[in-house]
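Residues or ranges marked as signal peptide in TrEMBL: 1-24. Annotation source TrEMBL lists active site, proton donor at Glu117, Glu351. Summarising the annotation, TrEMBL assigns active site to Asp258, Glu372. The feature Ca(2+) binding site is assigned by TrEMBL to Thr475. For 509-535, the entry in TrEMBL reads region 'Disordered'.
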Amino acid sequence: MLKYLCTTIFCVFNVLPLINHAKAKDGTDLEMAQYRERIKSMFYHAYNSYLENAFPYDELRPLTCDGQDTWGSFSLTLIDALDTLLILGNHTEFQRVAALLQDTVDFDIDVNASVFETNIRVVGGLLSAHLLSKRAGMEVEMGWPCSGPLLHMAEEAARKLLPAFQTPTGMPYGTVNLLTGVNPTETPVTCTAGVGTFILEFATLSRLTGDPIFEEVARKALRSLWKTRSDIGLVGNHIDVITSKWVAQDAGIGAGVDSYFEYLVKGAIMLQDEELQSMFLEYDRSIKNYTKFDDWYLWVQMHKGTVSMPVFQSLEAFWPGLQSLLGDLENAMRTFHNYYTVWRQFGGLPEFYSIPQGHTVEKREGYPLRPELIESAMYLYRATGDPTLLQLGRDAVESIEKITRVHCGFASVKDLRDHKLDNRMESFFLAETVKYLYLLFDPDNFLHNSGSEFDTGTGPQEDCVLGAGGYIFNTEAHPLDPAALHCCSRALEERQELQDILLSLSEPINKQPSAGKEEELPPLSSSESIALKPGSRKKAPILSCPMQPFSARLAVLGQVFTDST
């Protein structure tokens, strides 16, 4: 009897909670699946509306069911939506659109295009599609991911932007004519983000193609911008790219500045770059010291630190997600909850929100279907599993469906106070907003891969591992695979190392001593590469694991070939 009673107690306190937990998990899984289907339905309603009413224009005008060119006549929405198709599992349409873009998009056109927007949307979208093309079932050419038609298109688009960087400072103009270059009357004033948001796409291009020019101009622009920071470590909003003089001196983390900080962090991660990391960490200290108040971030005068605008901008909502990449989850969650209260108040984030008054700012009451708060929710949910973050996703689906859905897609909200609509659906709605929503509710998506699955490249280094996770999203939510950069750039480095080794083997062992004295070389330790200068040591960057040098793989039974072998 006692044994039976003990067994019963064990079941009540141990087995039943497990059963209830399993039921709760099943319920959660079912709800997640239901929201994924709703988000897919949102995507295809907007996507099909664009194809039927707006293609080949850049954007859909959902209230009049027609299209317009906005950023350069690239069929921009199609480029921006391409990788989202694959993330939703639609391989067939990905393949069709990839082929269509190759046949229809022309960059030799007499159009003044935004350097910033063309980079993040067109170059970034094509690079991402190129790196995902094998997963989408496309037949890739020999040498992929270091070659391919979509990569060629991305390179062609980026080359059209290079004339903008031909300034005394290396900081680019804001606009360039794709056919003739920079207009002689072009204003030299551009925003901070327009200077510092190139390193992800341009470094990816350089590492994949072997042409260093893209990464070089992006780095020069970043270093020039870094030199202009104020004595208290802040940067302003708009700068003259000819003189390096600040035109707008408001410092903050929102519009005009946001993606500059984003690219320092993501560039440091993707490129394992200590310089970019140290830049951001120094900025972060100044941002916390001068702009942070009660887990809000205000705008201040860049030289004095005095508050100039006590407002929250919707574009600032990316910040908690960025903090999560740095592991600062406690501060990220507090800031996120502040921003979430604004969403709950209006059913969206107004462009400007007065923190002291708790209301929208005049002429900045709209919500153009931006993704930033959803983006932060996705990052933070991956890091914490906090169910509050899923609630934001549910709220976003409900409010976007209820407020902005129209017969031809989804319309921007002109005024969140009365939910009047505007006749525009920007391409980032399909590139970012829908994508981040879907990824929030799809924990098993391939982009969340932790390394359990991978593919191999057919490029110069055929054994390189691709698609194993660690994707870096550019500021338009186009995922880039850091492994592909290593696959192509490491192959070039190894060919150079091999060349150096062979040259060293061909040189005489006994060299003429300098100044009549035999030069003594230090012994080569196991941690040194014979391709380096004598005595120099290959140092692993602090952001990465040590890597076996190429020369160490030229070995038989562990014995490295040296010039005495």
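Positions of Cβ are set from backbone N, Cα and C atoms, glycine also.
Note that this is a predicted model, so its numbers are computed, not measured.
Taking a C-beta cut-off of under 8 angstroms and a sequence separation of 6 or more, Glu351 (active site, proton donor) has the following same-chain neighbours: Gln313, Ser314, Val361, Arg364, Glu365, Gly366, Tyr367, Pro368. Distance noted between the C-alpha atoms of Glu372 (active site) and Glu117 (active site, proton donor) is 17 Å. Glu117 (active site, proton donor) sits 14 Å from Asp258 (active site), taking the CA atoms of both as reference points. When the alpha carbons of Thr475 (Ca(2+) binding site) and Asp258 (active site) are compared, the span between them is 9 angstrom. Fewest other C-beta atoms within 10 Å: among the active-site residues Glu117, Asp258, Glu372, that description fits Glu117.
A 10 Å cutoff on Cβ-Cβ distances gives the residue listed as 'Ca(2+) binding site' a total of 25 other Cβ atoms nearby, all chains included.
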